[in-house]
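*Asks:* Could you have a look at this structure, given as structure tokens, before my questions?
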Amino acid sequence: MKRKIAKSVSLALGLALLATACGDDGGGESSEGSSGEDIVIGVAGARVGPIANVGEGVGEAVNDWFEMVNANGGINGRKVKIEEIETKYEVPPALEAFARFQQSGAVMVAVEGTALSDALTPVSEQSKIPIIFPGQGNLDTLDGEAFPYAFPAGPLYAHQATATVQQQVDELGSDISIGCVAWEPPPGREYCEGVKNATESLGAEFAGEVVIPAAAADVDAQVRGAVALDADVVLHAAIFGQAVLLLKGLCDQAPDLPVGAWHWAITQNEINGAGAECMEGKFGASMSTLPSDEPEAVQMLRDYWEESGSDPNPVLEENSLYGNGLYIATVIEEGIRQALEIVGDDGEVTGEVMKQALESIDGYEGYGVACPITMSEKDHSGNRAVNIYEIRDGSWDRIGDCVTGPPVSNEPDVS
Amino acid sequence: METGRFHEKYAEEIAVYGTPYRRIWILAVLAVTFVVVPLVASPYWLVVLTLVGIAAVGATGLNVLVGYAGQISLGHAAFAAVGAYTSGLLVSRADAPFWVAIPTAMVAAGVFSLIFGLASLRVKGLYLAIATLAAQYIVQWILSSWTWITGGFQGIVIFEPIEIGPFDTTTPTGKYLLVFITLAVVVMFVENLMRSRSGRAMIAVRDQDIAAAGSAVSPLRYKLLAFFISSAIAGLSGVLYGYNAGLVSTEVFTLALSVQYLAMILVGGLGSIPGSILGAAFITMLPIWLRDLLPAVGIELSASVEVHLLTMLFGVAILLFLVLEPRGLYGLFRNIKDYFRMWPFSY
């Protein structure tokens, strides 16, 4: 009798399991900005954890920008709601955050950090909500047909590297050797791979690579390694405290060595940490126009702060970090504007409409913050250009506008 | 009136169904897990529960090693990575079916862990923790440097979804069912393992390895067995992670994940399977509860302030919990249960 009951229960459970497997997954809230309502944009933030400075800079800029946009009446009358959820640069919280954005009806998600953009690429496709991650991510996501809902929309690490090498070759000639110092996680390694790739393409010599472990508190060995490369120029993909230690070390051991950086390390933090004297002549690439150049977007924000009686956000002083956030914010704004053109000002914006909208962006410069951005169904790169800055008299001075390097050998063909 | 629970025979002590009610409870839990939740829960909660389930598989694996065998590991994220990459590469490059790739991945993770398990014969405690930490660093270095294995610095390996009839792991329900069916199998396996000779031997080694050796229980054999089983289950959690996210990359299986697994079993309760699951739920969901709590009580903060406050509250909550209830969530649950079971003579 007992066995019979157990069998019956097991059978019932099995049948119920089958029923639930067949069940509809669309039972939750819709992922769309319904007619006339606020348009929800998710931000998978990273203000805590290994890229906290990036998260803080980008997060503040995106929130500031849309506070201003909403105060000025929104985009074609539609307000934009920014929903930021902290991920600590960890993947499981990012997956949870994405599901929450979906539940909130987000039509696009801005992602901070390559690990997160990688992890969210499949779920963005499954849920048909585009993710946008300018200045990060991996080369494969340039291909819009392979990854239809992933939008790098800006120069990836390898592009930043090739553009910087191009600028050095243009300035010093191809008879130079360039070494690279990489932060150990994938973005840093991909940057140095880009340097190697570009030196080979442009006829220069790649002097070698030195790697800084992700959590290293001391980089003296890497400083010595970089000097030992005996390169004419050293480019680095270090971040925050490690970048400062590296620059200080190189100033001590090779004061005349030209040193350049990727776009997460051309902040005020480097100048304050390594000292203005040490930093004089150092250079770096930025996908955004630095706020210290006072592009139109920064002037708009300053006007808004003045009119509303608020103090300017102190994070603005972090320069490239805030500037890159403005880049992301303005691309989101343009995406929404294009989406409203497709569906009408009171129309229903969905993730699929946002995808279509992003793919119709053509030559957009983000109020002076970005080099011209163009995307299509096939090409999600946006652009491959960076501005080159050099420290002169203690501050970042632009010496190259929208420089593009040679194509990276392993990037997908999106022509 | 029941005043306590006493076992007169050894068989009673190791019985799965210690009381007649337990069978009903287990059936009820299964019915809720596999029928009610998939039908009732929103896609968002299915995603959250799936993350809890994956963490619970990993934590249950670690509990075999730490809670039952008395060893320690700071390398379980690495073993999860070995499982995830083995399975992902077998499917994507060798076109192996998932039912071949998953067991192979578990074996690979288990075998890899034996290298570090051997250290457990010579070192204990913190020294063993550091030895297993080496696994973490070695795997992270391999993943970021051996690009011929991972296909690039990002180390991205795509997990093709499993589709069997109506069962589809691209949907939240499909992912949830995959994870919780796996968790149920893992729980059943570990529960039975601990009732077997091997399980009792592991506990003997944990409690006093010299005495165990004197009773013809080989510490070498059972420590290595614990490492193998524990890491194979960790490898399985890595595979589940891959199917849930749709891919794995080199930055997923970090030291932080290894520490989180440890936190889960400490908060949930060492040497307890329900404790592993409760700990996984606590560590995964506490940040979500805290995040939702602030607006619910009318506290609106800027994103910058809120995130740092929540991080601090998360730390304080874990600290308070460990101080006030060192036996973990399962200990707390048992206290409450016993109170009501013994009522009105609960003292």
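Note that the numbers count up from 1, one per residue, in the order the chain is shown.
Using N, Cα and C of the backbone, Cβ positions are placed for all residues, glycine too.
Copied straight from TrEMBL:
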| type | residues | note |
| --- | --- | --- |
| TRANSMEM | B:24-41 | transmembrane segment |
| TRANSMEM | B:47-66 | transmembrane segment |
| TRANSMEM | B:73-92 | transmembrane segment |
| TRANSMEM | B:98-119 | transmembrane segment |
| TRANSMEM | B:126-143 | transmembrane segment |
| TRANSMEM | B:176-194 | transmembrane segment |
| TRANSMEM | B:224-243 | transmembrane segment |
| TRANSMEM | B:263-289 | transmembrane segment |
| TRANSMEM | B:301-324 | transmembrane segment |
*Asks:* Please work out which recorded stretch in B:126-143, B:176-194, B:224-243, B:263-289 has the most C-beta pairs separated by under 8 angstroms from the transmembrane segment (B:24-41)?
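*Replies:* Answer, by Cβ pair count: B:176-194.
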*Asks:* Looking at the stretches B:47-66, B:224-243, B:301-324, which one shares the most CB pairs under 8 Å with the transmembrane segment (B:98-119)?
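*Replies:* Per the Cβ count, the answer is B:224-243.
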*Asks:* Any residues 6+ beyond the ends of the transmembrane segment (B:47-66) with a Cβ under 8 Å from its own?
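*Replies:* The answer is 37, 41, 72-73, 76, 80, 172, 175-176, 179-180, 182-183, 186-187, 190, 193, 202, 226-227, 229-234, 236-237, 240-241, 244, 260-262, 264-265, 268, 270-273, 275-277, 279-281, 283-285, 288.
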*Asks:* Could you pull out which residues elsewhere in the chain have a CB under 8 Å from any CB of the transmembrane segment (B:263-289), counting only those six or more residues past its ends?
*Replies:* 48, 51-53, 55-56, 58-60, 62-63, 66-68, 183, 187, 190-191, 310, 314, 317-318, 321-322, 327-331, 333
*Asks:* Among the recorded stretches B:73-92, B:176-194, B:224-243, B:301-324, which has the greatest number of Cβ pairs closer than 8 Å to the transmembrane segment (B:126-143)?
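*Replies:* Comparing B:73-92, B:176-194, B:224-243, B:301-324: B:73-92 has the most Cβ pairs near the transmembrane segment (B:126-143).
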*Asks:* Taking a Cβ cut-off under 8 Å, which residues six or more beyond the ends of the transmembrane segment (B:224-243) line up next to it in the same chain?
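*Replies:* For the transmembrane segment (B:224-243), the list is 53-55, 57-58, 60-62, 64-65, 68-69, 71, 73, 76-77, 79-88, 101-102, 105-114, 116-118, 120, 157, 159, 161-162, 169, 175, 178-179, 182, 186, 190, 193, 198, 202, 205, 252-253, 261.
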